[in-house]
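S.K.: Below you will find the structure I want to go over with you.
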Amino acid sequence: MAASVPWACCAVLAAAAAAVYTQKHSPQEAPHVQYERLGTDVTLPCGTASWDAAVTWRVNGTDLAPDLLNGSQLILRSLELGHSGLYACFHRDSWHLRHQVLLHVGLPPREPVLSCRSNTYPKGFYCSWHLSAPTYIPNTFNVTVLHGSKMMVCEKDPALKNRCHIRYMHLFSTIKYKVSISVSNALGHNTTAITFDEFTIVKPDPPENVVARPVPSNPRRLEVTWQTPSTWPDPESFPLKFFLRYRPLILDQWQHVELSNGTAHTITDAYAGKEYIIQVAAKDNEIGTWSDWSVAAHATPWTEEPRHLTTEAQAPETTTSTTSSLAPPPTTKICDPGELSSGGGPSIPFLTSVPVTLVLAAAAATANNLLI
């Protein structure tokens with residue numbers, strides 16, 4: 001009987017050692033996820049530890065000051081976004097992990113902003129939404145679309161997460177559509193809804209490939225061309241009209257032209273030599289609203305190139321001689337000095353080029369002197 005006592009003690013010690021080993025090497029529990037509102041105070045308990053337990057707190061691996069503790073509890077006041085992180089409390093002596101909290105600081109959602117538009121009429125329309133202020137934590141959106149009392153499918157956009165598409169089931173319907181959206185997160189929820197007629201949300205995309213060119217030999221004209229938006233599915237059955245605006249860069253005031261058809265227009269009142277900016281908008285002929293303005297095109301009206309004229313005064317001098325380098329005109333006769341001094345009369349100053357009429361007048365004067 002006495003020999004059985006040591007065996008009993010060994011069994012107890014082995015069980016205790018196994019319990020300690022299991023506690024130290026067992027997988028750590030996942031941290032508790034907690035959401036708190038920005039600007040509030042929060043108290044984080046150290047799991048099941050008693051209030052007076054000796055513990056140490058860390059956030060993201062950095063020790064926290066002891067004056068933040070109330071017993072074993074961590075007190076965080078006036079929460080800021082920077083308070084978000086992984087908080088852990090440890091037994092002060094053994095550094096055994098007692099508890100972990102993954103804290104997220106954020107805000108409940110405000111009323112979402114919702115809008116719907118048909119840029120592919122008559123195929124369908126899309127709705128998009130966003131929050132007017134960030135929440136800093138994950139949000140979940142839920143959209144419902146009603147056509148009268150009939151629920152319609154809103155297909156998620158593959159590229160834009162805050163957009164979905166609805167196909168028109170009954171074209172030219174007079175029944176209103178109602179679109180509602182709700183948003184929720186860990187701190188709250190909010191909703192909004194809009195009701196509209198089919199034709200009121202028709203708004204094409206802006207015209208594409210707007211090009212402006214000068215018109216040769218016309219200093220006040222610009223030729224503007226553009227294309228119907230590629231997203232407009234049937235321009236033959238549902239034609240668009242266009243609105244063109246233009247101005248010189250030196251002025252702030254726009255000039256406007258509305259065009260019922262066609263994808264070209266010639267501006268006839270441009271300022272010569274001034275650069276212009278031109279934009280075009282589109283709208284269904286009957287319903288809806290105008291598109292946004294297109295990408296701006298720039299152009300300057302045609303200007304005549306300056307002519308480079310060379311005059312005798314502008315021609316560079318190539319000699320210091322007083323003799324002209326230009327050929328004499330057809331009425332000019334080149335005379336010999338000896339011809340003018342023959343007959344004993346007074347000598348006429350030497351000229352390299354004397355008109356025939358002057359020569360005849362001089363000869364007559366000489367003959368008259370001889371007769372006297």
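Each residue, glycine too, has its Cβ placed from N, Cα and C.
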S.K.: If you pull up Swiss-Prot, which of C46, C154, C164 shows a disulphide to C89?
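M.R.: Here Swiss-Prot pairs C89 with C46 via a disulfide bond.
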S.K.: Under Swiss-Prot, which of the candidate ranges 145-149, 220-224, 245-249, 290-294 is annotated motif 'WSXWS motif'?
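M.R.: Result: 290-294 is the stretch Swiss-Prot calls motif 'WSXWS motif'.
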S.K.: Across the domain 'Ig-like C2-type' (27-104), what are the DSSP residue counts per state (helix, strand, coil)?
M.R.: 6 helix, 37 strand, 35 coil
S.K.: Which sequence positions outside the motif 'WSXWS motif' (290-294), separated from its termini by at least 6 residues, show Cβ-Cβ distances below 8 Å to it?
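M.R.: For the motif 'WSXWS motif' (290-294), the far contacts come to 203-208, 210, 226, 229, 243, 245, 279-283.
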S.K.: Within the domain 'Ig-like C2-type' (27-104) only, compute the mean pLDDT.
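M.R.: Taking every residue of the domain 'Ig-like C2-type' (27-104) together, the mean pLDDT is 93.
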S.K.: What is the number of residues in the motif 'WSXWS motif' (290-294) that are helix, strand and coil, as DSSP sees it?
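M.R.: Final tally across the stretch: 0 helix, 0 strand, 5 coil.
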